[in-house]
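Undergrad: One structure follows; several queries about it will come next.
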Amino acid sequence: MWQWFHKLGSPKWFFGIAGRLMPWLGWSALIVLTVGVVWGLLFAPADYQQGDSYRIIFIHVPSAYLGQSLYVAMAVAGVVGLVWRMKMADTFIASATAVGAAMTFLALLTGAVWGKPTWGTWWVWDARLTSMLLLLFLYLGVMALRGAMEDPDVRARASAILVIVGVVNIPIIKYSVEWWNTLHQPATIKVTEAPSMPASMWVPLLICLLGFHLLVAWLILWRMRNDILLRERRARWVRDWVLAQ
Amino acid sequence: MRSEPRVPVSFQEQEGGGWLRAAVETVRREWLIAFRNRQDLINPLVFFVLIVSLFPLGVSPEPEFLRQAGPGIIWVAALLSILLSLNLLFRNDYADGHLEQWVLSPQPLALLALARVGAVWVTTVLPLVLLVPVLAVMLHLRPGTGLVLVLTLLAGTPVLVLVGAIGAALTVSLRGSGVLLVLIMTPFYVPVLIFGTGAVTAAVEGASITGHLALLGAMLSLAVVLAPLAIAGALRISVSNG
């Protein structure tokens, strides 16, 4: 276990293993997502209340889920980076920030598209929508801080601290926003009061969720490999690898 | 050139001990600096009043609107002016090498940071809170509402300063980090804003405000315990930047 952990800290080893994993992840993401999306959008039964507009959940739910969980994953990487000074932890944070922000944005966008026909409005200051918007701002803050810093070591530690402070605050932000909403307007609209879905709906949703995870893993590994090449551009093995291409 | 009082870092001589003395010296130094650079004390106050006075001009001078929106306007203006003044929190100390002495001193950095932030709250934020009754009259708030507003600001603004100081410590070594600080810290301010204005709304509607105040107090105690550690960590990183 610890040997594996030490290996994980080596950019060269990680670069190699990520290169071998990526084709598997990429192709399986493509296949699983195609199956899930086609099943969800074309073959799953329409909702008796919302008709076809509910089908956006096959994109919306996975992206919202990943938008939130990636931030937590970044915080874990931040702790690992601060405690063990592992280079790969910062590479992960660098790569996951943009992907997480993109997922959060996608969740907001698909939510708005779904909200228009269902609620009759693109946006409401609902608890869930607002906390997702704030999550997007948290991601943008991490990106802004990283963009402003030049020294890689300082950047790594500073963004780790910011991400950890963020993850401590996420529950506070989430609950305060929820309370704010219920204080001001008694819930007129339930955003995702999980209806008891039939299997013909939740099975494709589960497949889409798996597909999104594979896609995100592939994207992050891809970005991490680029980040490693950029960081280690003076190392000999990078030059050999580039020349071999 | 600004006249900066040269307070010797005398507490370094006492190995490890003298925590209280170190904290008191930090506070004293902060106050001396604050009262010798009076313009820095006045600027956030003017900014605060300016922001508040833009709303009647820009939206509506109707007393009914102002009574409704007033608490929110004052809270947002206070939040912005705190963020603005926090940008300077560690700036001069970083420039003149004072932060390095802090990091090297045997007393815990988190304690010094807490003393520093406390002193800053008293010198720059407390005057702002004291101005609020005047603004409350200008925005046609009822006397009771103004009082609750002052109470929530007293409980909430220390959290803003403590949390914002983490961002200030992270960005102190960066040039032109004013907008950056606002960008990374504003999401963290949302809970305080919600409960601060929530208490005022509850008071206007005749409901009890103790719940809101208790939550603000909970956030304050959490911030007092945890934020200094994060500030200290961030300061170490910024100083090691060289």
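Each Cβ is built from the backbone N, Cα and C atoms, and glycine gets one as well.
Where the annotation comes from TrEMBL, it is an automatic prediction and has not been curated.
Among the features that TrEMBL reports, transmembrane segment is placed at A:21-44, A:64-84, A:91-115, A:127-146, A:158-177, A:201-221. Per TrEMBL, domain 'Cytochrome c assembly protein' is recorded for A:27-184.
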Undergrad: For the transmembrane segment (A:201-221), find every same-chain residue at least 6 residues outside the stretch whose CB is under 8 Å from a CB in it, and list them.
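TA: Beyond its ends, the transmembrane segment (A:201-221) has Cβ neighbours at 18, 21-22, 25-26, 28-29, 32-33, 35-37, 39-40, 43-45, 47, 57-59, 61-63, 65-66, 70, 92, 95-96, 99, 103.
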Undergrad: Other than its close neighbours in sequence, what residues sit by the transmembrane segment (A:127-146), given a CB gap under 8 Å and a spacing of at least six beyond its ends?
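TA: Same-chain contacts beyond the flanks: 64, 67-68, 71, 74, 93-94, 97-98, 100-101, 104-105, 107-108, 111, 155, 158-159, 162-163, 166, 170, 173-174, 177-178, 180-182, 191-192.
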Undergrad: Near the transmembrane segment (A:158-177), which residues from the same chain, at least 6 beyond its ends, have a CB less than 8 A from one of its CBs?
TA: 71-72, 74-75, 77-79, 81-82, 89-90, 93, 127, 130-131, 134-135, 138, 141-142, 145-146, 149
